[in-house]
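Chemist: Feature list, courtesy of Swiss-Prot:
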- 170, 172, 173, 174: ATP binding site (BINDING)
- 96-108: compositional bias 'Polar residues' (COMPBIAS)
- 1-84: region 'Domain I, interacts with DnaA modulators' (REGION)
- 84-125: region 'Domain II' (REGION)
- 89-108: region 'Disordered' (REGION)
- 343-467: region 'Domain IV, binds dsDNA' (REGION)
């Protein structure tokens, strides 16, 4: 079935409404309409010459980027004038119809995968069972953040509201945030705890606009006792997302519900963050987590080894802790690599054994999408066409999800660009795949080690091709 011009423009409007401020969208975008699509040339009608000139000058690149992302093919956007455009313009219809009343359609291969009607899926905490207070190692770098998180978990809505955790990648912000959720659910199993990233919030907002279900979206996010929001820095520049989050924040805060936020920097350092949001993020407690010192790193490795049933000599722990100093994720990754290597090689666990594979981290070589494709295909024994195609066979589907996950985390490709690489898949499909792999990573140590093995092979390939 062909995708109609109406459907393309409606979907684009949903994305533009999230990206732009409400006044901008209402004044300039909502009054325009897609007139025709001929030879990959999309014509957009505006109600006046002034509006046409303004869109062309200020928003042409944004509109072009969005419609190409939605269509999955290169499009050229042109603006024309129609005095009836503002009269006929309507908000996105959301309903999906097989035919269009206007000229032009997209090939069936660019199907958008939209759902008709419905509401957001039932909320679930989605907390990693490993992220508890009992498994969190306290040190000088995180003592204040840990104490604040405990206070919030014990008395949500009364201690520090909001609690804003900030610090670099892999320092334990997500661990502490989810530990609050676990603590509260153990104390009160009926508590409504919701953990979400700002990226997920934005995508849910786009879906709500698309389905005309904003009321359901608001109930979904505002009917909670504790809202845990990760990666807040990604809200920067998203005007409508910030506006919706502002009202969600106010509703929860005024109701005495607990809000916990995490970002890689403090609120006032997040660029293009609305001043009113920055003010609210700062009205509770901002707790910074810094890189762990040598004693804390050694304690983290000991606890990790203890929980995973690993027997590590003291000098091995000291060597890893001395070699990897920047963050906990890197530290634990080194431990997993060392254990995997010893298990595969049959050699004894010693500094001499693991030293060759745990050299001090150097400047990483660029990993490309093609490298990831080659390594994943080799690992799973499948061909490139199958991986990049649409086969739903379980082994191919999982390999594809892993490849998408690796591209998201080890390349600079955006979600839409990754979708394009896999034959024009929607960015929500890519996001789902990444979340699925993250979930498997949390649930299975064996899967986590397999993933780490793939990453190591990627680094070897990247280094060999750059030398």
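Backbone N, Cα and C atoms are what each Cβ position is placed from, and that goes for glycine too.
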Chemist: Given the recorded ATP site (170, 172, 173, 174), which additional residues of the same chain have their Cβ within 8 Å of the Cβ centre, ordered by sequence?
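Modeler: Everything else in range on the chain: 167, 169, 171, 175, 176, 262, 289, 328, 329.
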Chemist: Using a 10 Å cut-off on CB atoms, tell me which of the binding-site residues 170, 172 is the least crowded.
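Modeler: Among the binding-site residues 170, 172, the sparsest Cβ neighbourhood within 10 Å belongs to 170.
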Chemist: What mean pLDDT does the predicted model reach across the region 'Domain IV, binds dsDNA' (343-467)?
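Modeler: Mean pLDDT for the region 'Domain IV, binds dsDNA' (343-467): 82.
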Chemist: For 173, 174, listed as binding-site residues, tell me which one has the smallest number of other Cβ atoms within 10 Å.
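Modeler: Selected from the binding-site residues 173, 174 on minimum Cβ neighbours within 10 Å: 174.
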